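A.B. asks: Structure in structure tokens, see below.
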Amino acid sequence: MSTEKEKELAAKAAIKYIEDGMTIGLGTGSTAAHMITALAEEVAKGLNIVGIPSSESTKKLALANGIPLTDFANISAIDINIDGTDEFDPYLQLIKGGGGALLREKILAFNSKLNIIIADCHKQVSRLGKFKLPIETIPFATPILIKKLRIMNLHPILREKDNSPFITDEGNYILDLDITHISNVAQLENTLKQLPGIVETGLFLDIADIVIIGRGDTTEVFKR
Ligand SMILES: O=C[C@H](O)[C@H](O)[C@H](O)COP(=O)(O)O
């Protein structure tokens, strides 16, 4: 069974949690794209929901698939947020932001009653850190942050696209950090959030309620 099929299986299992009248957080990435396609099929059959996208790319995809959208001016909470991940550990702690959407994704997740994470089985790790930790930084502060993060042994790498810095939907930069030697990620999160110029990190701690993965031709569900 292909990785894409596993992502699709997880995505289809997640949309079964959705009920008529709900507001749905729409994640970003290749796994979330499967969820948007599956959700669009339900909307076409008459399911009445509104979506709130976590990125400009997801917004485009949702609109192209006929999913009605809203924003935080019109709602106070999201019923279910469904998003992908780059890694999840046995405690359902996550590293996200491989696609650079971590800031809006975390805002959606924080304002959701239920967070469902969907993935293929290769995202499961015994310990976070094989995937480099993305953090979103303000361009003005990025050079000094790089110096500070080097001293902290986090080996920051400025993410690039077409030989220029990758720019997020909020106009910021992404630094990818090596956290393989870090055992206490909660402490790391606190330390990073105290540095002015770091807008958000890709550590999603105590956020996922349910993780659904595709493994072969079946799904596995992990609950917090
Ligand atoms: O910024 C991107 C997001 O955090 C994605 O959810 C994450 O990178 C997983 O993406 P994919 O489903 O494409 O592996």
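Cβ from N, Cα, C; glycine included.
Keep in mind the model is a prediction, meaning the values are calculated, not measured.
Annotations for this protein, taken from TrEMBL, read as follows:
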type	residues	note
BINDING	THR28, GLY29, SER30, THR31, ASP83, GLY84, THR85, ASP86, LYS96, GLY97, GLY98, GLY99, LYS123	substrate binding site
ACT_SITE	GLU105	active site, proton acceptor
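Describe each of these features in terms of where it is and what it packs against.
C.D. replies: In this view, LYS123 (substrate binding site) is surrounded by 23 other Cβ atoms within 10 Å of its Cβ, with every protein chain counted.
Reduced to three states, the DSSP call for GLU105 (active site, proton acceptor) is helix. Listed in sequence order, GLY27, THR28, SER54, SER55, ASP83, LYS96, GLY97, PHE204 are the same-chain residues at least 6 apart in sequence whose CB falls under 8 Å from the CB of GLU105 (active site, proton acceptor).
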A.B. asks: Mind running the binding-site residues SER30, GLY98, LYS123 against ligand 1 and keeping the ones whose CB falls under 6 Å of it?
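C.D. replies: With ligand 1 as the reference and 6 Å as the Cβ limit, the list reads SER30, GLY98.
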A.B. asks: With every protein chain in view, what's the tally of Cβ atoms within 10 Å of the Cβ of ASP83 (substrate binding site), excluding that atom itself?
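C.D. replies: Around the Cβ of ASP83 (substrate binding site), 31 other Cβ atoms lie within 10 Å.
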A.B. asks: Where does LYS123 (substrate binding site) sit by DSSP, helix, strand or coil?
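C.D. replies: Once the DSSP labels are grouped into three classes, LYS123 (substrate binding site) ends up as helix.
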A.B. asks: List the residues of the same chain that sit at least 6 positions away from GLY98 (substrate binding site) in sequence and have their Cβ under 8 Å from its Cβ, in sequence order, or write 'none'.
C.D. replies: GLY29, ASP86, PHE131, PRO134
